[in-house]
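As recorded in TrEMBL, the features of this protein are as follows:
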DOMAIN    35-255  domain 'Cation efflux protein transmembrane'
REGION    371-392  region 'Disordered'
TRANSMEM  32-51  transmembrane segment
TRANSMEM  63-84  transmembrane segment
TRANSMEM  96-117  transmembrane segment
TRANSMEM  137-155  transmembrane segment
TRANSMEM  201-219  transmembrane segment
TRANSMEM  225-244  transmembrane segment
């Protein structure tokens, strides 16, 4: 017996839950470095926004948005540490790995929204270009570049590192890769740095800083203020092109799709499973990405009735576990029984014929005289049909059906049992037609589409 509490504890608020989880993460010494970088990032963002206002440069504002994205990446890194500390619960049976996927998706989408905002402001500036002050433009550029590179290279951000390698390349990476191949052809020692493809975050930081440096020089030399708007558009397009493939990849993970690069391996493993001893069929297979680098799946396996369930389950799990870390296998035995017909004659003393109706089947000799419109004629040389469910065929004995209902008299139906020798000669009671043809029933006066009309002509 448990303790009875008179007053139930009040539920913790959302702020209280977030505070509790933050204390759990802050207790780990690895997160102190991330928290320190986050504090420095907030200070740097404050100074950059003030310099953007004083210089009136929208290109520097677009580059500052990359520093804000670095803050989102630091939060994602904290969420990754929190996911590693948490264990699966009854509510989240697969764990909390999808939280870091959601964090990456939200960060990249917010960066793209910032790029769209820059494009909108740049379009307005083309109509009325303001004057740009270059006093702190170059200083803000180098401060933002140094902090972005230092943050990206000092902290191992596992979610973004995985997404940057697994997602498709951006158009900026493709153009830089073509240029890098030409450079590495002249200087082979640089192949380890520029090939196979550069880090997209480092690449966009360097490209944005280079655009701001060109803007500073053109404004100082020719007072060409429109180049600041052009640089802002270039930085926004590079940001959008870099973040879009990552958003698509993380969005597919959230939609529980199967990664394209593992479909071939999964098909090979399923073929191997289907050839295991005792396995009859593998069906209802479904595999999806649970988190970054984690694949989950479920499959139904039908086995023989004499197979060992535990042995088959062990073999199937052993084959699929090399690729699918979280696997659910449902084993069920084959319960399909082939229907058969008994050809043993039924004795007359087993059932009371007064309570049953006999549905006669045409004999072998009568099959040749049947009207072709009644059923499909069978040739004497053809083998007997494998299944005959209430259909005329060869070597089939009469079937006795139980009469469970009492039929009212006076409706034109015959009741009781009829002699077996005279049943085959009964036909339909259609006016103008005698009992000339034997059909598959012993009833008379039942309308049918087969037979002849009153003039003796065949009915269509």
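Glycine residues also receive a Cβ, built from the backbone N, Cα and C atoms like all the rest.
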Decide whether the stretches the transmembrane segment (137-155) and the transmembrane segment (201-219) have at least 3 CB pairs under 8 angstroms, with pairs required to be 6 or more apart in sequence. yes
Near the transmembrane segment (32-51) in space but 6 or more residues beyond its ends, with Cβ under 8 Å, are 26, 60-61, 64, 67-68, 70-71, 74-75, 77-78, 81, 136-137, 139-140, 143-144, 147, 151, 154-155
Between the transmembrane segment (96-117) and the transmembrane segment (63-84), are there three or more C-beta pairs closer than 8 Å, counting only pairs 6 or more apart along the chain? yes
Using a Cβ cut-off of under 8 Å, list the residues of the same chain at least 6 residues beyond the transmembrane segment (63-84) that approach it. 21, 24-25, 28, 30-31, 34-35, 37-38, 41-42, 44-45, 48-49, 52, 95-97, 99-100, 103-104, 106-107, 110-111, 114-115, 118, 140-141, 144, 147-148, 151-152, 155, 157-160, 204-205, 208-209, 212, 235, 239
